[in-house]
């Protein structure tokens, strides 16, 4: 039974840094620091990595 507690604590420590990578981009400053640009639709060689806080304004980054 003690192995369950060890396994749970190991997984908790192992997976806790993943929350830092799943934070959404939702303002222009974060978009720029992540290497993106605030633009309307992401076209051509760009992909959407978040939003810039306004409706229809997306944070786009080159593919």
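Cβ atoms here come from the backbone N, Cα and C positions, even for glycine.
As annotated by Swiss-Prot, signal peptide applies to 1-22. The feature pyrrolidone carboxylic acid is assigned by Swiss-Prot to 23. Per Swiss-Prot, the feature disulfide bond maps to 31-59, 38-52, 42-60.
Overlay of Swiss-Prot annotations on the structure.
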residue	record	DSSP class
31	disulfide bond	helix
38	disulfide bond	strand
52	disulfide bond	coil
59	disulfide bond	strand
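Residue 60 (disulfide bond) and residue 38 (disulfide bond) have their C-alpha atoms 6 Å apart, to the nearest angstrom. A straight line from the CA of residue 52 (disulfide bond) to the CA of residue 59 (disulfide bond) spans 6 Å. Note: the CA-CA distance between residue 31 (disulfide bond) and residue 38 (disulfide bond) rounds to 7 Å. There are 18 other CB atoms within 10 A of the CB of residue 42 (disulfide bond), with all protein chains counted.
Counting other CB atoms no more than 10 Å from each candidate's CB, the disulfide-bonded residues 31, 59, 60 peak at 59. There are 22 other CB atoms within 10 A of the CB of residue 52 (disulfide bond), with all protein chains counted.
Long-range Cβ proximity for residue 38 (disulfide bond), meaning a same-chain Cβ under 8 A and a gap of 6 or more residues, is found for 28, 31, 32, 52, 57, 58, 59, 60.
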